[in-house]
Amino acid sequence: MKFVDEAEIRVEAGDGGAGTVSFRREKYVPDGGPDGGDGGDGGSVYLVADENLNTLIDYRFERFHRAERGKNGQSADCTGRKGADLEVKVPVGTRATDTETGELLGDLTKHGQRLKAAQGGYHGLGNARFKTSTNRAPRQKTLGTPGDVRMLKLELMLLADVGLLGMPNAGKSTFIRSVSAAKPKVADYPFTTLVPNLGVVRLDAMSSFVIADIPGLIEGASEGAGLGIQFLKHLERCRVLLHLIDLMPADGSDPVDNAKAIVTELEKYSPKLAAKPRWLVFNKVDLMFEDEAQDLCKKIADAMNWEGEYYSISAVQGKNTKELCIKVMDFIESLPEDAIEESDDEEVGFKWDTYHKETVENYEDDDDFDDDDDDDFDGDDDDDFDGDDDFEVIYQK
């Protein structure tokens with residue numbers, strides 16, 4: 001299946017159903033009071049994280065998602081049915097952003113987590129709501145309020161504990177193959193890896209972590225060179241980055257310049273990402289004598305002004321890879337647990353929160369029984385349901 005990590009969709013919540021104007025009509029009850037029911041609330045749109053999905057490709061072709069409208073009220077004080085909510089399933093790790101306002105709606109980081117993306121409209125009020133001691137036959141009603149409409153940008157960001165950085169052909173895919181069951185394509189030409197790959201490193205029955213391999217970076221990636229920096233976002237959730245450096249690049253380039261180029265591109269993309277814990281890992285030590293490899297590792301580290309510890313491995317032979325994974329596991333376990341923010345269904349603001357209350361409070365009934373075409377009995381006999389009832393609509397969409 002093609003890997004797609006970005007998509008734009010339009011979500012439309014359902015409008016609220018309108019209230020109705022109706023009067024009780026029964027045998028021996030010639031002058032029944034108002035019994036117009038309220039409408040139903042419109043359905044809302046929710047994003048739901050689903051661990052069975054791993055790409056946003058479906059939303060490249062299915063871009064419009066609309067919840068059900070609330071039903072209108074009926075006579076006999078019958079309330080309209082609420083519109084059904086719509087659930088849009090997305091992969092775990094999806095981030096939703098409003099494209100028009102730039103507002104970050106939230107991250108879906110756990111299976112089953114729900115995020116309200118669009119609030120359904122509020123129901124309209126029937127004329128029974130406007131009955132007062134001085135106005136026994138109100139002809140007012142309100143229509144339902146419109147539901148939210150949003151254009152959302154969905155971004156899938158892989159959930160991994162460890163991220164791999166490096167130039168093309170630095171040995172990232174070979175490393176993830178050697179320490180996990182993942183089998184990304186490996187070849188001796190640049191950009192063999194075109195999409196991110198995940199692997200689970202399992203040290204024992206109780207200790208494991210997830211590692212992410214992304215396509216290699218080259219100098220000028222922030223300006224679009226190579227595959228650009230579009231995949232760096234998949235490292236934003238990682239807790240530690242492993243910067244793999246090829247000691248003997250096939251193109252004869254300088255390892256020091258290559259390493260510095262990666263750091264530069266990382267800082268251009270995101271200073272926050274560049275500030276994450278980063279370990280230097282020198283790969284392909286099997287291509288030279290051990291003393292020569294150690295001297296070269298120290299030379300590169302000194303040229304980068306590296307003050308921390310660094311590691312040397314041979315991914316293809318599995319040399320020192322297990323020891324490195326054990327140290328990574330110990331480091332991850334020493335970090336405090338990240339607080340996962342739960343999405344609140346009520347986070348998304350809705351402009352009609354006090355609409356009904358204000359409508360009823362501001363309503364001024366007209367009981368002067370004059371001829372100014374208001375809500376009193378003006379001789380039009382609007383109780384006969386002749387299709388020409390003159391009633392006042394408080395809210396018009």
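Every residue, even glycine, has its Cβ placed from backbone N, Cα and C.
Going by Swiss-Prot, these are the annotated features:
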type	residues	note
DOMAIN	1-159	domain 'Obg'
DOMAIN	160-333	domain 'OBG-type G'
BINDING	166-173, 191-195, 213-216, 283-286, 314-316	GTP binding site
BINDING	SER173, THR193	Mg(2+) binding site
COMPBIAS	361-389	compositional bias 'Acidic residues'
Pairwise Cα distance for SER173 (Mg(2+) binding site)/PRO215 (GTP binding site) [Å, integer]: 9
Lowest local Cβ density (other Cβ within 10 Å) among binding-site residues: SER173, SER314: SER314
Among ASN169, LYS172, VAL195, the most crowded of the binding-site residues [Cβ within 10 Å]: LYS172
Number of other Cβ atoms within 10 Å of the Cβ of PRO215 (GTP binding site) across all protein chains: 25
SER314 (GTP binding site) in three-state DSSP notation: strand
Mean predicted confidence [pLDDT] for the domain 'OBG-type G' (160-333): 83
